[in-house]
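Everything below concerns the one structure shown next.
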Amino acid sequence: MDTGPAQAPRSTGAGPEPGPGDTGDSDVTQEDSGPAGICGGERVVGAGMGGDAPGRGAAQRKHRAQPGWAGKYEWRPPEGPTSMGSLGQRKLQDEDRNSAFTWEVQANNRAYNSQLKEKVVLCWRRKKHKTNVIRTAKYNFFSFLPLTLYEQFHHVSNLYFLLIIILQSIPDISTLPWFSLFAPMICLLFIRATRDLVDDIGRHKSDRAINNRPCQILMGKSFTWKKWKDLCVGDVVCLHKDSIVPADMLLLASTEPSSLCYVETVDIDGETNLKFRQALTVTHQELTTVRKMASFQGTVTCEAPNSRLHHFVGCLEWNDKKYSLDIGNLLLRGCKIRNTDTCYGLVIYAGFDTKIMKNCGKIHLKRTKLDLMMNKLVVVIFISVVLVSLVLAFSSGFWARDFRDRHHYVTALHRSSVVADAFLVFWGFLILLSVSIPMAMFIISEFLYLGNSIFINWDVKMYHEAQDVPARARSTSLNDLLGQVEYIFSDKTGTLTQNVLTFNQCCIDGRVYGPDSEARGPKENPYLWNEFSDGKLLFHNAALLRLVRSDRDEAVREFWRLLAICHTVTVRDSCSERPRQLLYQAASPDEEVLVTAARNFGYVFLSRTQDTITVMELGEQRVYRVLAMMDFNSTRKRMSVLVRKPEGTICLYTKGADTVIFERLHSRGATEFATEVALAAFAQETLRTLCLAYREVPEDIYEEWQPRHQEASLLLHNRAQALQQLLGATAIEDRLQDGVPDTIKCLRKSNIKIWVLTGDKQETAVNIGFACELLSENTVILEEKEITRVLESSWGSSNFLTKKSLPRVNLALVINGDFLDKLLVSLRREPRALVQNVNVDKEWQEPGPSRTDFLHGQRLSVMFRSFGIPLAPPPSQDSRVRCSSEELQERTFVDLASHCQAVICCRVTPKQKALIVALVKKYHQVVTLAIGDGANDVNMIKTADVGVGLAGQEGMQAVQNCDFVLGQFRFLQRLLLVHGRWSYMRISKFLRYFFYKTMASMMVQVWFAFYNGFTAQPLYEGWFLALYNLLYSTPPVLYIGLFEQDVSAEQSLGKPELYMVGQKDELFNYWVFFQAVAHGMAASLVNFFMTLWTSWDTAGPASFSDYQSFAVVVALSCLLSVTMEVILIIKYWSAVCVLSILLSLGFYAIMTTATQCLWLFRMSPKTFPFLYADLSVLSSPSVLLLVLLTVSSNTLPVLGLRIIFQALKKARAEEEKVEEGPREDIFTVEPVPHLYRESHARRSSYAFSHHEGYADLITHGTILRTGPGVSNDIASDSPVPCDGEASLSPKESHW
């Protein structure tokens, strides 16, 4: 055996492997080689050839011929890995070498499967197989209270408040009543717990809806309707068309020919094209009735559950024989059954063991940057309060000892020692100064976050009317993070695009046919003359239609004929109501669009057999014999069909990428040059293009070629001129969502980097990159080979990449999942048993002659010279002493990617998406945002700091796991630049002002301690202390946090550069915090000492040197000073602003009058001791003048300093602008932007969504309904679920 199951088989065509002399570089030959266009190095499939059912690689077919093969699994190291890949492969090879098949499942035997146990720790063992119940919620009835308290006390401020409450409950040291802080803390905990509970209730509802979906399970001798949660490993399940697969299942049989099953995996990997899965031949032939399925006792032995979506290796043991299994036999949870009436599967992995759930990740507790900073500031403030309290306590001790020495006659009153008194004074000051971290700030902030979230929900400009989806903030604690995002990770399918492909334009014989203008457009359907038209084609061109119907132009005729013949589309049963309405089954949406366009123009694909294809051409039915069919793949980038026409001539039809079609043309003339111009125009419009060409093959050449072709031993050399005529090109539009390019352009101006992470193919993703304007014609696109060289050169110099070490060019990275597998080793700690690593170096470009390799190497040399990077061998191990090779390669990659204008990651799994986000967060410590609309984006959304879910076509799983919900990608611009920037600005101003006003009032207590013997006696009236942060200064704070705007929404969108303030943390950082503290201390000094010095040595009725009068003057000066400060910092004035200031002063007047009235004083003199204190003090004009003086002393210097600072800042900015002059930060290098394309004159916009292997199914007859299969009524004994059961399957997710 030469190949083990570690090698993931490719879906290639049937036939033996090419011999040693194969070059595999061409579709074409000279006349002495054979018919032009037949590919060497790729499987050449002859129509009508027999053989085993295809769909997996030739290696697998060889293994099936050996029943005992599955028992001889061995590990094989990858052949020829890249230099960079070898860094990450050493540990993986050690893991793989020691791995073995550890997962065993026996069909229809729950008792056996349930007794399998696995060791957890010590003697604790649990069931090896998980149930199919999904629980994504964080809490249950019993765990909610302890878990939410555990999370709440992760906030350092809550621990601080708990300590102060405990101290306040001790009578000997308490200076404030214990309930004054206990009640607000309970309120704060209740608000946060309620918010978490509401979010978790939504998760419980989602889990319940998914777990209660109906499915048919084989129970005894019949299929019974049960719920998903009742599924167990080893159960046999029946699925129908459009059903969602409930667990990872081995396909046993289906009603399709050869037990094929077509699945849509858009919710798993983002690919829109259909994929096929196929049952083993033995199960297809044997399991044809319910009775046989009930007696099926096969045992599956395979790899343990893992997150690799595209890999599966195992074997089925049945009747003393073993049969190999691979991913082509597996139906994954979350797939949707398409174009298959009924199929049957054996559950291999259930619940959290399924591959999609292994990719989902866990719920992370998300914290904002300001929240994390506040934790640190709480520690700083607490340490400062402790130090100040210690200083005051020591001062109290010294003062007390001196006082006792001088006044010995009062010693009897002080029975305790000086040390004991000082110890109690320390705790008294600690409690008194605890208001430095005001509880009110945290309570008010919760309301501010809630209010800003409500504003997001109310924004009608983010309402998507087509789907009735308003913007919704599912998390109310991340608003300010929206104003600090630096990286956006976006899905492609359904997020940037609409999942809608349309036939947009075409070029035939050098002439471009675009859609007619609306004025010239038809008033009715122009294709009514064609009885086969479906009425769905939106492309209308009257001139082209007249040309087609006249049937005089040979190029036009062959163009549409090629589209009707060269494809892998099959015809399903016609609609019963309208027999002429054919139902096409296409491997990709691109092919369906092209065949449908030909159908509406009168070239109707009617049917096909194993070796014929029938086309209705303008009312005339013609049957073509298919001699050979060469399918699309990522290397050939083209499809060819060799047919014999009814007239007897042989013709080769080819469609594919312009880069491979043009180099195979026999000659170039005016038509070819005109077509190139049209392709360039299509590329400018970011349309997906295909070139069409054909050639008539002489009979003698075909006769010479046919015998060797049937032996599959023909090797065609020479990229010579062989395609006789270029017919033209098609242009398909992969429609973007409205406003996507403008949104991306605006976000990039705000210094936000956008990465596209998709499971789709590279060509499609790059084409969308140009359509979104992420990429431009001046962009240097680096693929894996170039990236590896840059990274290795950086490792050799032992330096990380910086802006100075990179050229100032527009760079973009295009990478795939295999490259990331080799890169993300330290983040992805997962066994990779029996997975053959692919040498991606051999896949990134099509093999060609030495001249092409030389030219490519020359262009690489030009690029690296422009980078200033030497073409040196890989670095030695000695150069990586400072950090491990894993971290070095990851950090270097992130440094390189961060200097690129765009990064596109193709063919990535959901887990890889999350790992990429984690990689950026790990090394750059930036705020990340992930946006997607499918289940394959959930892990990425959970990992990012902010997760945005689009209510799109791929279910609701992303919406249920996100922080913010949007209807369209374009609304992200307003969410970040308006609501995000405003929220960050409001919260920052709120925090700065709150610390200022707290210090302005609290530090007075410290200054007062120097004049009251350090006794920890409060200066203010108790009610002023209680209501200062609750009522007196709260309304303006609420206004700032909810309504403040530095610029309008229109200006925020028009000047995206303003967003960079949040990215740089300019509005609130440690420097701003210390400024606020210093400002508050200065205000407290002015308020206290100006009042003290003015009242010094005064007496009489007008004097305010007594304790109560002094406290009232200081308190009023403090309140008016902080009110003037809020008036200065507010930029958005409105009636609500004026009202908030009036309410602040009004509350003070009302509450002071109430708490100082005679009635309350008589009721409780100790609680209300300040009888008419404010009234008596404020009746004196000198006091009013003093208050005015203190407020002016606090306000005018600050106002003057701010005016001077703004003037200096403006002058400095103008000087820098003059010194720099007009300068471009980015310039382009002419030869480099075309590294990835063959032509230096234009960009190829080839992008075709395809899945390899459909040509094999057609030519072998596997896909055609000609053989026996499972009966459609196999499950007819099972009752159909009632409406109540059916309703358990809401359209929420494909999980």
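Cβ atoms here come from the backbone N, Cα and C positions, even for glycine.
Keep in mind that TrEMBL annotations are predicted by a computer and have not been checked by a curator.
For reference, TrEMBL has these:
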ACT_SITE  Asp491  active site, 4-aspartylphosphate intermediate
BINDING   Asp491, Thr493, Asp933, Asp937  Mg(2+) binding site
BINDING   Asp491, Lys492, Thr493, Glu591, Phe632, Lys655, Arg688, Thr758, Gly759, Asp760, Arg907, Lys913, Asn936, Asp937  ATP binding site
DOMAIN    105-180  domain 'P-type ATPase N-terminal'
DOMAIN    959-1208  domain 'P-type ATPase C-terminal'
REGION    1-91  region 'Disordered'
REGION    1269-1295  region 'Disordered'
TRANSMEM  377-399  transmembrane segment
TRANSMEM  419-444  transmembrane segment
TRANSMEM  990-1010  transmembrane segment
TRANSMEM  1068-1090  transmembrane segment
TRANSMEM  1110-1130  transmembrane segment
TRANSMEM  1137-1161  transmembrane segment
TRANSMEM  1181-1205  transmembrane segment
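Regional average pLDDT for the domain 'P-type ATPase C-terminal' (959-1208) in the model is 90. Take the transmembrane segment (1110-1130) and the stretches 377-399, 990-1010, 1068-1090, 1137-1161: counting Cβ pairs under 8 Å, 990-1010 has the most.
Helix, strand and coil content of the domain 'P-type ATPase N-terminal' (105-180), in residues and according to DSSP, is 29 helix, 11 strand, 36 coil.
Among the recorded positions listed (Asp491, Phe632, Arg688, Gly759), Asp491 has its Cα nearest to the Cα of Asp933 (Mg(2+) binding site). Phe632 (ATP binding site): 28 other CB atoms within 10 A of its CB, across all protein chains. On the backbone, the CA of Asp937 (Mg(2+) binding site) and the CA of Arg907 (ATP binding site) stand 13 Å apart. Comparing Cβ neighbour counts within 10 Å across the binding-site residues Arg688, Arg907, the minimum falls on Arg907. Geometry remark: Arg907 (ATP binding site) versus Thr493 (Mg(2+) binding site), CA distance 12 Å. All protein chains included, Asp933 (Mg(2+) binding site) registers 28 other Cβ atoms within 10 Å of its own Cβ.
With the fewest other Cβ atoms inside 10 Å of its Cβ, the least crowded of the recorded positions Asp491, Asp937 in this structure is Asp491. Of the listed binding-site residues Thr493, Asn936, the Cβ environment within 10 Å is emptiest of other Cβ atoms at Thr493.
Counting every protein chain shown, the Cβ of Gly759 (ATP binding site) has 29 other Cβ atoms within 10 Å.
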